[in-house]
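Copied over from Swiss-Prot, here are the features:
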COMPBIAS  1-18  compositional bias 'Low complexity'
REGION    1-44  region 'Disordered'
TRANSMEM  87-107  transmembrane segment
TRANSMEM  120-140  transmembrane segment
TRANSMEM  172-192  transmembrane segment
TRANSMEM  196-216  transmembrane segment
TRANSMEM  224-244  transmembrane segment
TRANSMEM  270-290  transmembrane segment
TRANSMEM  316-336  transmembrane segment
TRANSMEM  358-378  transmembrane segment
TRANSMEM  404-424  transmembrane segment
TRANSMEM  436-456  transmembrane segment
TRANSMEM  474-494  transmembrane segment
TRANSMEM  502-522  transmembrane segment
Amino acid sequence: MAPLPAAATATASSAATPADDEAHSLLPSTPSNEEDDDDLEERAYEATEKVIVSISDFPDADDDEEESGLATSTAASGIPPFSWRKLWLFTGPGFLMSIAFLDPGNLEGDLQAGAVAGDTLLWLLLWATSMGLLVQLLAARVGVATGRHLAELCRDEYPSWARRALWLMAEVAMVGADIQEVIGSAIAIKILSRGFLPLWAGVVITALDCFIFLSLENYGVRKLEAVFAILIATMAVSFAWMFTDTKPNMKNLFIGILVPKLSSRTIRQAVGVVGCVIMPHNVFLHSALVQSRKIDPNKEHQVREALRYYSIESTIALAVSFMINLFVTTVFAKGFYGTKEAGNIGLENAGQYLQEKFGGGFFPILYIWGIGLLAAGQSSTITGTYAGQFIMGGFLNLKLKKWIRSLITRSFAIVPTIIVALFFDKSDSLDVLNEWLNVLQSIQIPFALIPLITLVSKEKVMGVFKIGRNTQAVTWTVATLLITINGYLLLDFFSSEIRGLLSGSILCVAVLAYASFVLYLILRGTELPNQIITTIRKSFS
């Protein structure tokens, strides 16, 4: 059931005034009766599951006249003062979101960029992370301002055929990401067991313990967030330890961050660095995670304060992720840049190469790498399953218990992942598989980015929280850049892989259908069609 605009609720009230109507019409579309709506519509979090953040309850413009003076004085004085306690209460969703910037696919992109390009692509890693932050802030804005997540909003925004296509694309992206994440964790288990546990056994262990970790949510969202904090800290300590042990050249590091440099030899690695940053499922995930705090989207001051703290938290989280990615890139740049091994390094054999290059030390670097990779694989697998719950529930409006949705989501990925583990148990095979999975992720990016920008730009959806024209221009520019970069990756990949007339013809048909759907999403989300129609009418009038 689509929610009624807040303006409609205000009009229905006999006590409402014209001023009240105007104030309500500027607020986002939210359910008029949350209890009734919860019976009909799937929700990211039930009211009893949400964390109380004690946002200052300043009256809004629609309160009675006696309190309106206080509202005016509060508005005049600005947002309530910053509170470290409130920031702590809001901390969690941003760090869960940042896991997608640290998954095994990103780590493989980091190590290959370091081995092939040295420190020269660190500036691109910084800017790619900044672009990723912009996209994730938009996702958080949608979730907080509307009280609904992106999959739910897409269900109401698009016709049935389009939303089914979007759901299918999101699920395909989810399965592809999940295979990478579970395989990464399984590789780590194989390393830490010294080869005793084969890849398929690591896959089964990862799939099972994912349910154990997710069950912690039954004891409160904060318990699950604490687990992720431990996993991120484990990654940070492991890769910082590697960074310290290998003693990279700090001058080259800072030059790499500050001085843009790109050669034809490193274009593929550059595209990989950018392509790993935007994970389609992560956009859906973040828009749902921010609803874990008790915020009334009908209260403008509560939304503004929540967005303030979420922005700070997300920035800190992605700054941490940038440092971890930097550690991995510089370690492999130090050890393998300019060597004959540079083109052969992948997740499966990276630990062995590190061991041969840097030796044992106090604690063998092979196991340090394995621990960091295990933390990355476990955390990203859990968030992937979490995202799958929201995607399926939002698009299909399934009122199922969370453990059932987790089981369904996990089932989509576990069978193909076990097959992959059985047939791709060698480094070369895993590298080929990873290339195909990266292509799969790249194909899906427009189907998360375009709906997000479309919805966050609509006053009917966002009310006063819709982004302005300048921000729209920036976001569409970033989206175009990301889609173009990933398009280059697709062109480069398919031009080397596709052979023969039949396969080429099939690819052309697929590209035409793909481009048509992307164009449909863009035109539906902009004013361009209306402008064209207006221009045509004027020319014939």
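Heads up, the Cβ atoms here are built off N, Cα and C, so glycines get one too.
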Answer with yes or no whether the transmembrane segment (316-336) touches the transmembrane segment (87-107) by the criterion of at least three Cβ pairs under 8 A, sequence separation 6 or more. yes
Would you kindly list the residues that approach the transmembrane segment (224-244) from elsewhere in its chain, counting only those six or more residues past its ends and only Cβ-Cβ distances under 8 Å? 91-93, 95-96, 98-99, 102, 213-214, 216-217, 320, 323-324, 327-328, 330-331, 354, 363, 365, 368-369, 371-372, 375-376, 378-379, 382-383
Flag the pair the transmembrane segment (172-192) / the transmembrane segment (270-290) as in contact if three or more Cβ pairs fall under 8 Å (sequence separation 6 or more). yes
Counting only residues 6+ away from its ends, which parts of the chain sit with a Cβ under 8 Å from the transmembrane segment (474-494)? 131, 134-135, 138, 267-268, 271-272, 274-275, 278, 435, 438-439, 442-443, 445-446, 449-450, 453, 456, 467, 507, 518
When counting C-beta pairs under 8 angstroms to the transmembrane segment (436-456), the leading stretch of 270-290, 316-336, 404-424 is 270-290
Name the range, of those listed as 120-140, 196-216, 316-336, 358-378, 502-522, that has the largest tally of Cβ pairs under 8 Å with the transmembrane segment (270-290). 120-140
If contact means at least 3 Cβ pairs within less than 8 Å, sequence distance 6 or more, would you call the transmembrane segment (358-378) and the transmembrane segment (120-140) in contact? no
Taking pairs 6 or more apart in sequence, does the count of Cβ pairs under 8 Å between the transmembrane segment (120-140) and the transmembrane segment (316-336) hit 3 or more? yes
In the same chain, which residue numbers or ranges, 6 or more beyond the ends of the transmembrane segment (502-522), come under 8 angstroms Cβ to Cβ? 162, 165, 443, 446-447, 450-451, 454, 483, 494, 528
